[in-house]
Amino acid sequence: MSPQTETKASVGFKAGVKDYKLTYYTPDYETKDTDILAAFRVTPQPGVPPEEAGAAVRAESSTGTWTTVWTDGLTSLDRYKGRCYHIEPVAGEENQYIAYVAYPLDLFEEGSVTNMFTSIVGNVFGFKALRALRLEGLRIPPAYSKTFQGPPHGIQVERDKLNKYGRPLLGCTIKPKLGLSAKNYGRAVYECLRGGLDFTKDDENVNSQPFMRWRDRFVFCAEAIDKAQAETGEIKGHYLNATAGTCEEMIKRAVFARELGVPIVMHDYLTGGFTANTSLAHYCRDNGLLLHIHRAMHAVIDRQKNHGIHFRVLAKALRMSGGDHIHAGTVVGKLEGERGITLGFVDLLRDDFIEKDRSRGIYFTQDWVSLPGVLPVASGGIHVWHMPALTEIFGDDSVLQFGGGTLGHPWGNAPGAVANRVALEACVQARNEGGDLAREGNEIIREASKWSPELAAACEVWKEIKFEFQAMDTL
C-alpha cells in the first residue's frame, strides 16, 4: 500500500457539506509556470465572505461539488483542484473583488478551447452565492498554447500572400447587408475593389438566405475579385462567410471557395462555436485560405462590466482557436472601445510577448511562444475624417474597414473606395515623413482632398458625423 493511499485511508470519509474556502482558498500557493491563471471580478451576495465566493468559483470549475463525496478518496484532489491564491478589492467599487485562480494543466484537453471554457466558465456563473461574476483575464502557459495550431497563417504570411506592406489594409462591408441579389452584390464588391480597397466583406448574418444563396454569392464575388485584380494589378479578396448550420456544411462552403481560387473566407466564431471555428482554421491552413473572424454576439458576453467575459479573454481564445483577422472595435467609431483597454487586447492579438499592465487591462504577462498573430479589424461607424486617428492608434498591422464610409459616398462605391485609399496613403506618407497624426490629422486630410475630388466629396458629406458616448467598459 502506497503512503498516499495510507494517508487517505487514515482520514476516512465524512459525509456532509463544508465551506469551499477550507479546500480551495490557498493564499500561500505559489503558481507554477504550467498553471492556467485566471482573474475573476467577483461580486458576492451580501453576507458571503470574498474568500468563500472566490473559492466557490474555483471549486465548481475544477474538482468540487456542493457536498463531500466518497470518490474524493480515489484521486489526488491536491493535484487536480483549482486554487484561489489571491483576492484584492476593486478600487472604487463596494463589495467587489478580483479573485486570482490557478488551474493545473492536467484539467484541460490539449488543443481544445471548447474544453477550456467549459471548465473555467461553464457552470459557475449561476452560483447563488454570487451576485455577479466576470472573467477579466487569462494567462495561457506555453505548455498549453503549444498544443494549438492558432491562426491559419498569421500576419507576416498574409502580407506575403497579398504582397502588401507598410500600411494598414483597407476593407468594406457590403451594404445593405441583406436583400441584394447575388449579381448586384457582386457588382458592389467589384466597384469597391477596383476603387482601391484590399478587401470587401460579407456581413455577419449573410449566410444562405432565400434572396441570395451562398453558392451564387461565392461565384459572383469570385468574378468581381478576378476582374478587379486584372484592372488594378493588386491582389484583392472578399470575406466569403462560410458560417453555416452544421460543421459539414461550413467546410463544404470553404471547399467551394478554395475551388474558386479566392484568398479568404470568414466565420462568425462565437455564434458558430469554438469547435467549428477550430475545424475551419485547420482546413484553411491546410488549403492556403486566410480566415477572417467576426465577433457577432460578443456584446452579449462582454458588455456588462460586472458579469460575463471580457473581450480580451475572447480575443485570446480566438488566437488559440484560429483566425487571421478579428473585429476589435475602433475607439473612434460607433461601436464601443476605450483606447487603453482596446490597445491592450490588440497587443494580445498581435504580439509574441505582452507584459502585465493593469492600466490597459492586462492582468498577466503572456508569452505566446511564436503562435502566429492576428490582425485587428477596426470597423463600425468610421469614415475618412477618422483615418488619421485610426492609422495612429492601430498602426500598420491592422485592417481598417469602412462600410457606410465607402458605400455612402455621394458618387458611388468606387469613388468611396478611392476616397478612403487616398486618405490612408496621405496619412501613411505624413507619418513616415515625421508628421503627428494626432495633432495634424485634419489638416493632412484637407490637404490631400485638394488633389482628390473623391476625397473632397467624402469630407463634405461626413464633416459633422460624430459618435460621442461614454464607454461602459472602464478599468
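Cβ from N, Cα, C; glycine included.
Per Swiss-Prot, the substrate site holds Asn123, Thr173, Lys177, His327, Ser379; the candidate it also names there, chosen from Arg213, Arg215, Arg295, Arg303, is Arg295. When the recorded positions Lys175, Lys201, His294 are compared by the number of other C-beta atoms lying within 10 angstroms of their own C-beta, Lys175 comes out lowest. All protein chains considered, the CB of Asp203 (Mg(2+) binding site) has 19 other CB atoms within 10 Å.
On the backbone, the CA of Glu204 (Mg(2+) binding site) and the CA of Lys175 (active site, proton acceptor) stand 12 Å apart. Cα to Cα, Lys201 (Mg(2+) binding site) and His294 (active site, proton acceptor) are separated by 10 Å. In the shown protein chains, 20 other C-beta atoms lie within 10 A of the C-beta of Glu204 (Mg(2+) binding site).
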